[in-house]
Amino acid sequence: MGTTTSHPAQKKQTTKKCRAPIMSDVREKPSNAQGCEPQEMDAVSKKVTELSLNKCSDSQDAGQPSREGSITKKKSTLLLRDEDEPTMPKLSVMETAVDTDSGSSSTSDDEEGDIIAQTTEPKQDASPDDDRSGHSSPREEGQQQIRAKEASGGPSEIKSSLMVPVEIRWQQGGSKVYVTGSFTKWRKMIGLIPDSDNNGSFHVKLRLLPGTHRFRFIVDNELRVSDFLPTATDQMGNFVNYIEVRQPEKNPTNEKIRSKEADSMRPPTSDRSSIALQIGKDPDDFGDGYTRFHEDLSPRPPLEYTTDIPAVFTDPSVMERYYYTLDRQQSNTDTSWLTPPQLPPQLENVILNKYYATQDQFNENNSGALPIPNHVVLNHLVTSSIKHNTLCVASIVRYKQKYVTQILYTPIESS
């Protein structure tokens, strides 16, 4: 009763709402109301009104905080359900909470969805990791094997099959000998092993690709070139040794074995080819005077080795006649090569001094390209004779396999 007096506006609402239960209570007990006295009826009606007002005030108090503090109520219900009903599953708890709290459905659904997601997402994330760590599909295993084969080096295996073993030897003394060259890109030094039988001799075996390789020796911290190996010059004019590596010749026995293996792997022949093979195996005598014809090949004369040197290599007269006839056939009776030239060959070209020795030479040099000069004139100053009051000075420089000729024409005043 104290709560209703402090809020007169709520009293009116509660009285209006509570008329129905009062009438219902009175209707339910008509016999008692008729049999009791007026004083007893008044006391009973007062008690009934007090009970109804208390019920309405409790329901009104319970309805107001549902709108103001829905979140706090929800938290309390979750905590009470977790403590009071530990045996109930989480899914059923969430469903009952949604059914009971119809006023705050939007906020409660979001919070409940977050809770369910938090409990279920780790399981979903953990299952593929466990599967990947424990088991892998055959497709992934095949990809891993292919990657391992690629990492092992497919091109390197091809190169190793083409490499040829080569022995490099140094025979000019020294205590420590190393070799470096184009096969190491001039960056690494490979130590040579001394020979136990021969003092001052070193050797090493390398596997190199076919081609030309240049190298130099480092003997006691000094760059040197072997006199027992072919020598050439590099781009800077320094002497280097070189070696030409060739692919080994194929062994005929191995080829025969491979051909037999290839024949064994061939598919079965057709009917016609099998008949042809059977005809080849038939006897030579066909009857009635017909026989198979076999051509008798003349045997080759046996060859023998001899120590006699032919006269063309020992007799000077025979050698001179032999080379003279060869040159005559090649030059078509041109004997100009027998006389020495007045100038070096590079200065007799059309580009240099407009001079032609013969008409044939003009026809040969009409392309405008100079012939390959001799190596002794490289990096030298060459001059020609003064013609028409003009002096010609030239120099030739080589870069790899190209030759560059620079010509300077200087006029000379006649005194």
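Including glycine, each Cβ sits where the backbone N, Cα and C put it.
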Here are some residues: SER6, SER66, SER336. Which is flagged as phosphoserine in Swiss-Prot?
SER66
Neighbour count (Cβ, 10 Å) for SER298 (phosphoserine):
5
I'd like to know the mean pLDDT over the region 'Kinase-interacting sequence (KIS)' (154-335).
79
Taking DSSP as the reference, which of helix, strand or coil describes SER298 (phosphoserine)?
coil
